[in-house]
Amino acid sequence: MSHPALTRLRALRYFAVMPSLPPPLSDWLLLEDSMTQRFEQQGKQVTVTLVNEGYIGRDALTDEAALLPDEPRYWLREIILNADGEPWLAGRTVAPESTLCGPELALQQLGQTPLGRYLFTSSTLTRDFIEIGRDAALWGRRSRLRLSGKPLLLTELFLPASPLY
């Protein structure tokens, strides 16, 4: 199954050099904390529409492969994050199979729970970088995060109804 927003997410082109962004845009794109929590601070009820979830091979990765360890299998989760039922963000998480051991096995059992609710309660979470991307008028970002030093890649596309615009 796919979703048009996830097609746009996969089409993001990332800036080699961080662009100069006006404060409202940079406040959203460079946020270090949970996007779920930020949406809830807007007074919205946040829900997840799960689009894809399961293992994929390395050949299914795009330029993501260069940002993750070389492994035969990766856990993929693609979602739409809704605020009061309106789609605000498309998200794609890719985690190498080796990341999914110990407490990080919970990444496979999130179901309708936003990823941020899990990630940002972990004291072992670190972020290596945030890359800013764009597809036509839509902005997005990609981060390599680590849980207990184990990597995962999170890509987010801000949809037209989100407060970023």
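Note that Cβ sites are derived from N, Cα and C of the backbone, with glycine treated the same way.
Pulled from Swiss-Prot, these are the features on record:
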- Met35, Arg77, Leu115, Glu156: substrate binding site (BINDING)
Residues Met35, Arg77, Leu115, Glu156 [recorded substrate binders]: greatest CA to CA distance in Å: 16
Residue, out of the binding-site residues Met35, Arg77, Leu115, Glu156, whose Cβ gathers the largest set of other Cβ atoms within 10 Å: Glu156
Three-state secondary structure, which DSSP defines for Met35 (substrate binding site): helix
For the substrate site built from Met35, Arg77, Leu115, Glu156, further residues of that chain with CB within 8 A of the site's CB center: Thr36, Ile79, Leu81, Leu89, Gly91, Arg92, Thr93, Pro114, Gly116, Leu154
